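Asks: One structure, as structure tokens, below. Some questions next.
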Amino acid sequence: MEILGNLNVIGYGLAAIGPGIGVGIVFGLGNQAIARQPELRGPLQLNIYLGMALVEALAILGFVLAFALPYTSS
Amino acid sequence: MSANAHVLAAEDGDGGLFTPGGPGFAPPTTDIFFPPPIVEFGPFAISKYTVLLALTVVVVLGFWFATTSKMKLVPSRWQSVAEMGYLFIRDQVARPTIGKQGDRYVPLLITLFFMILVMNLWGVVPLVGQLPVTANTAVPIVLALIVYVFWNVVGIRKQGGWRYFRDILFMPGVPWPFYIILTPIEVISTLIVRPVTHAVRLFANMFAGHLLLATFAAAGFYMFNPGAPDALLGAVSVVFSGFAFLGFFAFTLLEIVIMSLQAFVFVLLTAVYIGGAVEPAH
Amino acid sequence: MGLLAAEENHILMPHTSELVFGLIAFAIILFAFWTKILPRVTTTLDERADAIEGGIERAKAAEAEARETLQQYQAQLAEIRAERNAEIEKAKQQGAAIIAEMREQAQVEARKIVENAHAQIEAERQQAVARLRVEIGTLSTELAERIVGEALSDDAAQSRVIDRFLDELESQDRAGSQAEAR
């Protein structure tokens with residue numbers, strides 16, 4: 001059986017697993033923190049988006065590399 | 001994107017779903033992000049992106065000039081919308097991240113926010129746009145580069161060049177053996193990864209979202225085949241394409257949220273970087 | 001696809017024209033915001049804040065003024081009340097003094113009148129006594145003359161003489177008292 005396609009996309013998919021979990025943790029714990037101390041909503045939200053941006057960097061690098069690296073189809 | 005998808009579907013030939021001998025489904029490729037240039041002169045080309053950029057300038061400035069030309073103490077509806085936009089950037093982004101000096105950088109932040117927002121939203125405006133300007137790498141790169149240069153200049157001017165780079169290279173308050181590991185990481189993450197991710201985050205979100213929408217639209221057009229040889233299969237194909245278009249509209253709404261969010265995140269990160277440059281590292 | 005550089009329409013390759021036009025668009029918007037739009041917005045917001053703060057301050061000033069006026073009024077009222085009380089007190093004292101004085105005067109006068117009356121009565125009595133003495137003398141002399149003149153024979157005549165004498169005396173006395181009253 002022949003499988004066609006870009007192997008880089010699989011690489012990107014693997015690279016997105018970690019950041020996906022990370023972003024989930026960031027937002028989950030962020031919401032928990034807001035639920036515990038609603039008066040700190042502003043700074044917490046800021047930190048949530050900051051953490052999301054930092055965690056997301058890895059997935060973005062994977063995305064770039066998926067396009068940037070040369071590939072050979074089978 | 002639907003127009004592009006329609007073109008793609010038409011290029012598939014007269015096949016379509018359930019038609020024997022059809023060419024099969026060809027999902028939209030990255031080619032939809034390269035509209036043909038309208039005018040070309042030397043290295044420059046006026047393409048759809050350029051036109052939309054100009055329209056962005058017109059829309060942003062038109063809105064702001066219209067709402068702020070005759071400002072009153074008791075605001076009208078549109079004036080209060082504009083003031084809300086200004087206060088949002090100032091109170092939610094600039095002041096919490098940069099601090100007392102945040103008001104000085106509001107013009108830059110507000111420019112970035114509204115420019116990126118409008119450029120993103122071109123992706124869901126039918127007929128005129130259907131192509132987010134930020135899905136072209138050049139635009140986020142330009143903006144991220146401006147921000148990168150800006151916060152470095154701010155840091156050097158506020159803290160002095162030597163001290164600024166010393167704080168980046170050698171994080172204060174860390175035992176010296178850690179510098180062997182920490183310094184390369186800091187250099188890479190602060191001076192290289194930061195601007196790259198700053199630009200690519202915006203680009204990748206818009207690019208991927210737009211490709212997703214285009215795929216849904218193309219699939220909808222592909223599956224819409226009431227003239228299939230079997231009448232029953234033709235009806236089924238219509239139902240299938242209905243699902244595809246339902247997905248298309250749902251993801252369009254999601255895209256609008258993501259477009260606003262990415263504009264906000266871009267501006268927020270800009271403010272955080274500037275704030276880190278203004279205040280000496282702790 | 002091939003290498004990044006080799007590809008002409010690679011998705012990550014920025015186009016020169018978009019780089020330049022993006023920069024220009026950004027510069028235009030930034031310039032407009034920096035020089036035109038945001039100064040207007042900030043001045044309006046500042047003016048509004050000023051207006052609101054001014055309103056609050058004006059209200060505070062008015063309240064303070066009202067309170068001050070109230071205090072003034074109350075002070076004036078208290079002063080007036082005290083003054084009035086003092087006046088009343090003084091008037092009461094004056095009235096009492098006047099009454100006492102009047103009573104004194106009246107008593108003095110009454111006493112004087114009584115004394116006068118006493119003195120007059122005394123004087124009149126003296127006069128009466130004196131005149132009576134004179135009159136009794138003359139009368140008794142006259143009576144004696146008559147008695148002697150009538151020749152004392154007849155009892156009836158005697159009693160007639162005495163009666164006549166007494167009648168005369170009575171009439172005289174009446175005339176005399178009338179004259180005296182006059």
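Each Cβ is built from the backbone N, Cα and C atoms, and glycine gets one as well.
In case it's useful when we look at the structure, here is the feature table from TrEMBL:
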TRANSMEM  B:49-67  transmembrane segment
TRANSMEM  B:105-125  transmembrane segment
TRANSMEM  B:137-156  transmembrane segment
TRANSMEM  B:176-196  transmembrane segment
TRANSMEM  B:202-224  transmembrane segment
TRANSMEM  B:231-251  transmembrane segment
TRANSMEM  B:257-278  transmembrane segment
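Would you situate these features in the structure and describe their surroundings?
Replies: Proximity of distant same-chain residues to the transmembrane segment (B:49-67), defined by a Cβ-Cβ separation under 8 Å and at least 6 residues beyond the stretch ends, is recorded for 35, 38, 78-79, 81-82, 114-115, 118-119, 122, 128-129, 131, 133, 136, 138-139.
If one looks beyond the transmembrane segment (B:105-125) by at least 6 residues along the same chain, the residues whose Cβ comes under 8 Å of a Cβ in the stretch are 1, 52-53, 55-56, 59-60, 63-64, 85-86, 89-90, 93-94, 98, 131-135, 139, 143, 147, 150, 202, 206, 209-210, 213, 252, 255-256, 259-260, 262-264, 266-267, 270-271, 274.
If you look at the transmembrane segment (B:176-196), the same-chain residues 6 or more away from its ends with a CB under 8 A from one of its CBs are 144-145, 147-148, 168-170, 273.
Panel annotation: around the transmembrane segment (B:257-278), residues 89, 93-94, 97-99, 101-102, 105, 108-109, 112-113, 116-117, 120-121, 123-124, 132, 134, 143, 147, 150-152, 154-155, 158-159, 164, 194, 198, 201-202, 205-206, 209 of the same chain, lying at least six beyond its termini, place a Cβ under 8 Å from a Cβ of the stretch.
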